[in-house]
């Protein structure tokens, strides 16, 4: 395996030479013997920023591949005393060893060639990071088991086809979801992922609360705070609901029960999604701490984009309702789609959402949003 060196964050990382694995002039990271995805740099930048808020003394990068994520934690977060890097693939482990050495982390790094679930059941750390190719569902129970009380677990999910209902059978198998596409499916997918995490953690009597959640390109990223106690677990389980939306008029409702719900306006059977987490997707204090710390990381390759995402999330987190998609409501009203910023100005109390370029978050009700869309559309055509 020939290698090339790249720089990411403060780390020097050896990765497989992509030119050796190209097919018909194209390259996919999964074709290389050890996986490295440059499209996930923003994910890793954000993860370093969030972990800097947590300041763990011990952590595990459970599915390490090249080791880039765990190595960056060791180099870019003050106070990390122990970094556990693990991969089940022996080629990956050999590459991790090389990368740990060239970054002078041998005294703090422990490298394993284990099944990640087995390893997680043997350790206790302050911060667990699971970044799989696909679903994190098989690793949730062991991840929460490995996290110390009042510490953190961070997960990535790239199987959005399941979480956003393109594959209803996968949604049921992997996440226990009753899954129908709705106008705000990107938010529901995130809430469905959090719901699965809460129910898995409950098995080991741990209550998990999302302190930061976001969507980018083709994945979700969620950071959970983990606490012990049956009563806390029960409180989190009580925050799981089913969402219903009318495909004809856009009317929405939530219920703690799974049932066939009919729209009170149209008498049509409503689309169903759940169980899904109904509370805030971020902890406001944690988010503000991330924003406050960001300037320390101006060297991030994705600094500008990351700052924009965080500020948008700060704005939208003021609103408890799920986002509304402008083109969906415009199509129901049979009018042209107005610009999002114009809709926000019309509503006054509203913001963009990072989840969807056509989405708005607002305190206003459905009828008020529709009225703004109609009014703006009539101006454009007059």
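Placement of Cβ uses the backbone N, Cα and C atoms for every residue, glycine included.
Between the candidates 44, 108, Swiss-Prot assigns the S-adenosyl-L-methionine site shared with 69, 87 to 44. Restricting the average to the domain 'Trm1 methyltransferase' (4-373) gives a pLDDT of 97.
According to its DSSP assignment, residue 263 (Zn(2+) binding site) is coil. The binding-site residues in question are 246, 249, 263, 266, and the one with the fewest Cβ neighbours inside 10 Å is 266. When the C-alpha distances from residue 246 (Zn(2+) binding site) to the binding-site residues 44, 69, 87 are tabulated, the minimum falls on 44. The binding-site residues shown are 44, 69, 87; of these, the one with its CA atom nearest the CA of residue 249 (Zn(2+) binding site) is 44.
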